[in-house]
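Take a look at the structure set out below.
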Amino acid sequence: MTSHSTSAQCSASDSACRISSEQINQQVRPKLQLLKILQAAGAQGEVFTMKEVMHYLGQYIMVKQLYDQQEQHLVYCGGDLLGDLLGCQSFSVKDPSPLYDMLRKNLVTSASVNTDAAQTLALAQDHTMDIPSQDRLKHGATECSNPRKRTEEDDTHTLPTSRRKCRDSRADEDLIEHLSQDETSRLDLDFEEWDVAGLPWWFLGNLRNNYIPRSNGSTDLQTNQDIGTAIVSDTTDDLWFLNETVSEQLGVGVKVEAANCEQPSEVGRTRDKKMVEGGKDDDLEDSKSLSDDTDVEVTSEDEWQCTECKKFNSPSKRYCFRCWALRKDWYSDCSKLTHSLSTSNITAIPEKKDNEGIDVPDCRRTISAPVVRPKDGYLKEEKPRFDPCNSVEFLDLAHGSESQEIISSTREQTDIFSEQKTETESMEDFQNVLKPCSLCEKRPRDGNIIHGKTSHLTTCFHCARRLKKSGASCPACKKEIQLVIKVFIA
């Protein structure tokens, strides 16, 4: 029996180690009240996945119209089956903790149900083994003449049976306790994946269309824009804002050593538990720092309203959080950025004419002696005399003015070239800012890595925080990271 309990503990620990890869497709069995709600929303069967449970709950809220028409993240469930099950009158989708508490109480994993059935069968077999048969009763009746011998035999028979029962009960209690902890950890990890920044309302709303379960647990979600819009696939690669996989955490440079699952000792299990709790705390801290609710500077006046679905969004969001419509007049007030997005050719800046009204020729002029026109009759009669000294002085003055004009035109051309060069560099900087993060290649570059008097804007805020926590250097210049700040482009 000791070997049986040890093997059960090892198998339970192995299954706990595989939670990270199997928790997405975890099969759960809802209790009766929750099952009635799911069936009212169109669910069939008694075993579902976590995604299907969340989908049918959203369907139930949509069909019953329990949400507020103006602020659709508020759900009023008072006087309804859902309210009786939750034990509250209303809740917000942005803070779905009452919903998760209800699911923890009313969901049972299918693995634990199978284990309970196996334990019931084993206890029934032990009970049948302990019941005396008819032959034993007849044999005891024939030997009733010797009561001392019968009592001794009964004592010797009940002693190993009681010991076996005690061992069985202890092993069963250990197994049930371990399974309850395992089940709770599975559900906690499932809810930890969903509770990243609050359950988005558009996820529940858009699941009512084109919901087709597949073998790999993925579904297709169609946005509620026009018919010719793109299809978003519900996978861990596309929905990075809902699920952050372990591979993405390791890709940034944070390497965590995995715990040894084969070690059955209590010390190993406590270390594994500490590592899992530490990872949860880090993820909660990151989600709190990235969520819009923790930003105290953003007020309701700064939020922008979507023209498609009339939802108010954070000023730092480019797309609507519900329908993914592009924000109207996005970067319309920034002429340089609009120009860099529309065309790649940079138009020349008009030349600054300091000396307006002066005709500057393109080639060298031919200088000749000036023609003096007589103003009165006396000068008309008198022939003009040619003075070589005066003509030479005039030529020198003409040469000096020409050299000054050439120097000024050269300076103007040099200034124009330098301005064009700086403009080109600024355009390249704007184009680099528009590129995605150099590490995850998904999120925008909003994490400014500061080192000394310089900084680099090459990664997103999420990856920059992970680089700072892991003690890594700047990916651009390999300097030590001193501070990481989040940049909002307005």
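Cβ from N, Cα, C; glycine included.
Taken straight from Swiss-Prot:
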| type | residues | note |
| --- | --- | --- |
| COMPBIAS | 268-291 | compositional bias 'Basic and acidic residues' |
| DOMAIN | 26-109 | domain 'SWIB/MDM2' |
| MOD_RES | Ser180 | phosphoserine |
| MOD_RES | Ser342 | phosphoserine |
| MOD_RES | Ser368 | phosphoserine |
| REGION | 136-162 | region 'Disordered' |
| REGION | 263-294 | region 'Disordered' |
| REGION | 393-490 | region 'Necessary for interaction with USP2' |
| MOTIF | 442-445 | motif 'Nuclear localization signal' |
| ZN_FING | 300-329 | zinc finger |
| ZN_FING | 437-478 | zinc finger |
DSSP-derived helix, strand and coil totals, residue by residue, for the region 'Necessary for interaction with USP2' (393-490): 52 helix, 19 strand, 27 coil
For the zinc finger (300-329), residues assigned helix / strand / coil by DSSP: 0 helix, 6 strand, 24 coil
Local confidence of the region 'Necessary for interaction with USP2' (393-490) - pLDDT mean: 82
Tally of residues which DSSP labels helix, strand or coil - the domain 'SWIB/MDM2' (26-109): 40 helix, 17 strand, 27 coil
